[in-house]
Amino acid sequence: MAVVGCTKCIKFMLFFFNFVFWLAGGVILGVALWLRHDNQTSNLLMLQFEGQQAPNTFYISVYILIAVGAVMMFVGFLGCYGAIQESQCLLGTFFFMLVCLFACEVAAGIWGFSNRDTISKEMINFYDGAYIKSVDVVDSPTKKAAVKVLEVFHETLECCGKGDDSPLFTQIAGTLCPKKDLADSLLRPQSCHQKLKDLFSEKLHLIGLAALVVAVIMIFEMIFTMVLCCGIRNATPVY
């Protein structure tokens, strides 16, 4: 027996929220793919120095986001179909998957908040390692590799140095820093430390905002799913 009255309204509201949830999954998947292939982050995280790859903690969070977006699209479709069919089995499965997703999102949010500065610190340490080798007075293959690494950082972020540069670095800054026009050359170059913090802070804030929106949608969906399941159970005749 089909649901009627307020329960029918809940049914269509759940369908609407599931459709929005499905769209949100697609948006998150698209944003995650954009973050994965963004030129700035890709140029920096693909660098190698002294046999070591640049820290890839940021990519771990991006891969998790890709998986979450794909699962959200599947769960959203399942919820839409379950709401239209008024199937307690499908809605129960949908509710269970929502709870699991919500728990994973909370856990990921706690981990992300506690490690919010880790990504920029790792990249700053990687930059400093190349920085120290680049000012070595002895010309060596390691120094040449360090100079190339710094050039990528400087060109990608449009920065130069750490902000408290040594006299040795100041002497070679002209060859390592991006070329500027006359007006820009009068300004003090921006610190690469600060530019790295700003870059990853901006990306993580974007991820956090997307996660917050999805969490709010999931809370409403869990409420509507429970109400609809109860309505379907009450509307089913007992013989």
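Quick reminder: no glycine exception, Cβ is built from N, Cα and C everywhere.
TrEMBL lists 12-35 (among others) with the feature transmembrane segment. Same-chain residues lying 6 or more positions outside the transmembrane segment (12-35) and placing a CB less than 8 Å from one of its CB atoms are 41, 62-63, 65-66, 68-77, 79-80, 83-84, 203, 206-207, 210, 213-214, 217-218, 220-221, 224-225, 228.
Per TrEMBL, transmembrane segment is recorded for 56-84 (among others).
Tertiary proximity for the transmembrane segment (90-113) is limited to same-chain residues at least six positions away from its ends with a CB under 8 Å from its CB atoms, namely 61, 64, 68, 71-72, 75, 78-79, 81-83, 204, 207-208, 211, 214-215, 218-219, 221-222, 225-226, 228-229, 232. Sequence annotations record features per position, and here TrEMBL assigns transmembrane segment to 90-113 (among others).
What TrEMBL lists as disulfide bond is C159-C192 (among others). Around the Cβ of C159 (disulfide bond), a 10 Å sphere holds 23 further Cβ atoms from the protein chains shown.
Residues annotated as disulfide bond in TrEMBL: C160-C177 (among others).
Annotation source TrEMBL lists transmembrane segment at 204-228 (among others). Proximity of distant same-chain residues to the transmembrane segment (204-228), defined by a Cβ-Cβ separation under 8 Å and at least 6 residues beyond the stretch ends, is recorded for 3, 7, 10-11, 13-14, 17-18, 20-21, 24, 27-28, 31, 35, 61, 65, 72, 79, 83, 86, 91, 94-95, 98-99, 101-102, 105-106, 108-109, 112, 116, 119.
Between the disulfide-bonded residues C160, C177, C192, the minimum number of other C-beta atoms within 10 Å of a residue's C-beta occurs at C177. Rounded to the nearest whole angstrom, the C-alpha distance between C192 (disulfide bond) and C177 (disulfide bond) is 11. Within the same chain, residues 11-12, 14-15, 18-19, 21-33, 35-36, 41, 45, 90-91, 93-94, 97-98, 101, 104-105, 108, 112, 115, 118-119, 122, 200, 203-204, 207, 210, 214, 221, 225, 228 sit at least 6 positions outside the transmembrane segment (56-84) and bring their C-beta atoms closer than 8 Å to a C-beta of that stretch.
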